[in-house]
Structure formats: structure tokens, C-alpha cells
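S.K.: Mind having a look at this structure? Questions to follow.
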Amino acid sequence: MLKILLPTLMLIPSTWLTNKKWLWPSLTSQSLIISLLSLMWFFNQSETTHFSNYLMTIDQISTPLLILTCWLLPLMLIASQNHLSNEPISRQRTFITMLVFLQLSLIMAFSATELILFYIMFEITLIPTLIIITRWGNQAERLNAGTYFLFYTLAGSLPLLVALLSLYSSTGTLSLNLLQLLPNHIPMTWANYSWWLACLLAFMVKMPLYGTHLWLPKAHVEAPIAGSMVLAAILLKLGGYGIIRISITLSPSMKELAYPFLILSLWGIIMTSSICLRQTDLKSMIAYSSVSHMGLVISAGNNQTPMKALTGAMILNTSDGLTHSALCCLAKYQSYERTHSRALLLSRGLETILPLMGTWWLISNLANMALPPSPNWMGEITIMTALFNWSSWTIILTDLGTLLTASYSLYMFLMTQRGMTPEHLNAINPTHTREHTLMTMHLIPIIPLMMKPELIWGLFF
């Protein structure tokens with residue numbers, strides 16, 4: 001564990017001591033080495049925890065998300081280099097420091113064995129993300145987006161703190177290893193109902209559940225490219241990971257309380273997918289697409305057949321992080337660096353001008369619509385099977401959601417790549433090796449995940 005934490009921590013002094021000429025190449029190379037080192041976590045075949053100590057441990061649930069977190073830092077640095085090239089060097093160093101601090105917080109959150117440590121790291125991720133959005137966002141609306149992000153997250157998280165303190169007063173521990181050994185039968189009282197709701201509310205807001213999702217489109221649209229990538233790839237998945245972890249403390253006798261969340265998440269898949277079909281803003285469409293996919297993960301987390309549903313949630317969490325991060329990069333290269341507009345109608349027919357970029361769009365959209373045998377398809381079909389076993393009526397909503405997902409994914413591709421090129425796009429800059437390298441590093445990991453999906457399906461299969 002220290003092989004990853006200490007080099008990541010040393011990136012902060014390296015950021016401030018490296019010569020400005022070598023700042024971006026040096027930090028990108030170091031972070032890439034750290035991400036390659038993190039792959040060693042895949043090669044532990046133990047079904048229990050490993051690299052363990054009193055406060056932090058790694059198991060098959062946290063391993064995929066930890067590796068995804070480490071893999072994302074060099075990608076964010078590559079994506080942000082051109083965007084920040086005109087900034088003063090001190091601001092560039094501050095930006096990189098925020099990204100490194102965010103990665104450290106996420107690593108500690110995903111590996112925490114104490115629930116209070118997990119809560120602290122869960123909240124600390126808010127600080128660098130908020131700074132990135134409000135300082136390096138592109139428009140004045142970024143301040144409004146930051147306010148939404150701050151208050152939604154805090155309003156959902158404070159009840160979780162009260163619930164954890166209540167759990168500690170009744171059990172005497174917040175260690176996940178010890179909580180698994182306690183009897184999980186809890187009396188059906190209104191106080192315990194409230195405790196159960198408080199445990200899940202923070203993660204529902206973070207994912208987000210339909211109805212608590214209004215902060216995400218604003219934050220996603222106004223954030224710079226690195227902020228959009230980390231939101232889509234990691235921070236939303238932190239909510240799904242929290243649901244999986246906290247579920248061991250929740251009583252099965254309260255399964256009726258999960259029904260409203262489950263129904264609302266399935267209904268949210270339909271609603272957000274329908275909203276995507278009516279969007280004219282490219283980044284907003286990608287944000288609502290994230291909400292739609294997270295609806296399936298929420299329904300899996302609240303399902304009573306964990307052996308299948310949680311496996312699907314783990315697969316979809318990881319693969320969706322890569323796919324949506326890739327879509328954010330493509331939107332950035334198209335919207336901000338070439339057409340200077342997020343409007344779909346003003347950026348049509350780019351496939352004839354940038355054919356290789358059109359190929360990346362096609363692959364990313366096919367992965368987003370869960371085309372077999374992509375990992376997204378494996379996750380979705382596993383969750384849909386588990387939901388069908390729980391109630392056959394859910395197949396109506398999940399099938400309709402799948403149809404709408406395919407529809408808006410194809411709509412996104414056709415609106416950006418096909419048709420007549422607008423007359424104002426008469427001087428488009430060619431693509432660069434940096435951009436193709438970034439897209440390759442996003443989409444190449446999908447291939448081994450297709451060939452060996454057990455790497456990311458956790459302990460539940």
C-alpha cells in the first residue's frame with residue numbers, strides 16, 4: 001500500500017520543485033509509473049483482504065476502483081496540459097496539487113476499514129473538486145455550480161455522520177472487519193428507520209439518485225476537463241462503493257425501506273435517458289447519461305440478491321468510469337478546442353474533417369450503449385437478471401432504459417459526426433498525438449476487461 005501512497009504523496013513537493021519546462025512531462029511520467037505499479041493489486045488471488053493494516057486494506061471490492069483512481073491521474077494531466085498552458089506557472093502548480101490531493105483522498109477512501117475514516121475522506125474529496133470547478137471552470141456559472149455541489153453534498157453527508165456516531169455508541173466499533181461479525185438484526189422502530197435512511201442518503205446524493213441529481217449537470221458542465229473526468233469516472237462511483245460497504249451494517253429485516261429507492265432509481269433511468277434525447281448541450285447530455293447508468297447501480301445496491309446484483313454493480317462502476325471519462329475528453333476536444341461551442345447543432349459533420357476522432361467517438365458510444373461484449377454490457381445484463389429474479393415487472397423499465405440508452409448514444413454520435421459541416425467551421429485544427437494517446441489509454445483497458453471480467457466483479461460471483 002505504501003508503494004502507492006508515498007510516491008503519490010511525493011508528487012506534491014515534486015510539483016513545486018520541478019523546473020517549469022519539465023513540469024508537465026515529469027509529473028505525467030511519475031503518475032503513469034504509479035498507475036502501472038498499482039496494477040500489481042490485480043495479481044493477488046486471495047478472496048480476503050490483502051496489503052492490510054489497522055486502518056486501510058485492499059480487497060476485491062476496492063481493487064478495481066483503486067486502480068481506476070491511479071490510472072486516471074496521468075490521463076487528467078495529459079488532458080489538462082493544453083487547457084492550462086496560458087495560465088501562470090503558479091496556478092498550474094496549484095492545479096496539479098489539487099489533482100494529486102484528490103487522488104490521495106480517493107485512495108484512502110477506497111481502502112479505509114474504519115467507517116469514520118471513510119467518511120472523512122469521503123468529505124475531503126469535496127474540497128479539491130470544489131476548488132477545481134470554481135477556479136478553473138470556463139464560465140461565470142461555475143460559482144453557481146459550485147454552490148449546488150457544496151450544499152447537496154453536505155446536506156446528504158451530515159445525516160451519515162450522525163448515523164455513524166449512533167452506530168458507534170451501540171456497537172462500540174466502526175471497523176468493517178468487526179461489524180461483519182455482529183448480528184445484523186435490528187428492531188423495526190422509527191429511530192432505526194431514520195438511521196437506515198441516514199446511512200444511505202449521502203451515497204444516494206453522491207451517485208446521484210434521480211431527484212437528488214440537480215447538482216451533477218451543473219457541476220459537470222461548468223467544470224474543466226479534469227473536473228469532468230474525475231466526476232464521471234471516480235466521484236460518482238464513490239457513492240456506489242459506499243452503498244456496497246455500508247450494506248453489511250444494514251438489517252435485512254428493513255428491506256421494505258429499499259423499495260422507494262429501487263423504484264425511483266429505475267424510474268430515473270427512463271427519465272434521464274429521455275432528457276438526453278432532448279438535450280442540445282453535449283456535456284449536459286454526458287452528465288445525464290451518467291445519472292442514467294448510476295440508476296442501475298443504485299437498483300443493484302438496494303436489491304436483495306447480492307450475489308448477482310452487486311457483481312453487476314462492480315462491473316458497471318468500473319467500466320462506466322472509463323467510458324464516461326473518454327466521452328468527457330472527446331467533448332472537450334470538440335467543444336472547447338475546435339468548435340468553441342457545446343451546442344450539438346453547431347458542431348456537425350466533424351467525421352469528414354477529423355476521421356480518427358470520429359473513430360474514437362464511435363467506439364466510446366458503442367461502449368456507452370453497452371454493446372456486447374463490452375464490460376458495460378456484462379454489468380447491465382447481470383443487474384437486469386438480478387432485478388428480474390427479484391421481480392419480473394422490472395424487466396419493462398430496464399428494457400426501456402436499454403432502448404433509450406442506445407437511442408441517445410446513437411443520437412450523440414450522429415449529431416456530432418454526421419451531416420453537413422457548418423460553414424463557420426472552415427478552419428479546424430488537426431488532431432494531435434497527445435489526444436490520440438489519451439483516448440487510447442481510456443479505451444485500451446476495456447479489452448482486457450472484456451477478456452477477463454473476473455478482475456472487476458468483486459467477491460460476489
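Cβ atoms are placed via backbone N, Cα and C, with glycine included.
What Swiss-Prot shows for this protein is this:
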{"type": "TRANSMEM", "residues": "23-43", "note": "transmembrane segment"}
{"type": "TRANSMEM", "residues": "58-78", "note": "transmembrane segment"}
{"type": "TRANSMEM", "residues": "92-112", "note": "transmembrane segment"}
{"type": "TRANSMEM", "residues": "113-133", "note": "transmembrane segment"}
{"type": "TRANSMEM", "residues": "148-168", "note": "transmembrane segment"}
{"type": "TRANSMEM", "residues": "196-216", "note": "transmembrane segment"}
{"type": "TRANSMEM", "residues": "224-244", "note": "transmembrane segment"}
{"type": "TRANSMEM", "residues": "257-277", "note": "transmembrane segment"}
{"type": "TRANSMEM", "residues": "353-373", "note": "transmembrane segment"}
{"type": "TRANSMEM", "residues": "395-415", "note": "transmembrane segment"}
S.K.: Using a Cβ cut-off under 8 Å, which residues of the same chain at least 6 positions beyond either end of the transmembrane segment (58-78) come close to it?
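M.R.: Same-chain contacts beyond the ends: 1, 4, 8, 24, 27-28, 31-32, 34-35, 37-39, 41-42, 44, 47-52, 96, 99-100, 103, 106-107, 110-111, 225-226, 229-230, 233-234, 237, 241, 244-245, 314, 317-318, 321-322, 325, 329, 434, 437-438, 441-442, 445, 455-456, 458-459.
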S.K.: Using Cβ distances below 8 Å and needing 3 or more such pairs, separated by at least 6 in sequence, tell me whether the transmembrane segment (92-112) contacts the transmembrane segment (224-244).
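M.R.: With 3 or more qualifying Cβ pairs, these stretches touch.
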S.K.: Should anything in the same chain at least six residues away from the transmembrane segment (257-277) have a Cβ under 8 Å from its Cβ atoms, list it; otherwise answer none.
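M.R.: For the transmembrane segment (257-277), the far contacts come to 193, 196-197, 200, 204, 209-211, 213, 285, 288-289, 291-292, 295-296, 298-299, 302-304, 387, 394, 397-398, 400-401, 404-405, 407-408, 411-412.
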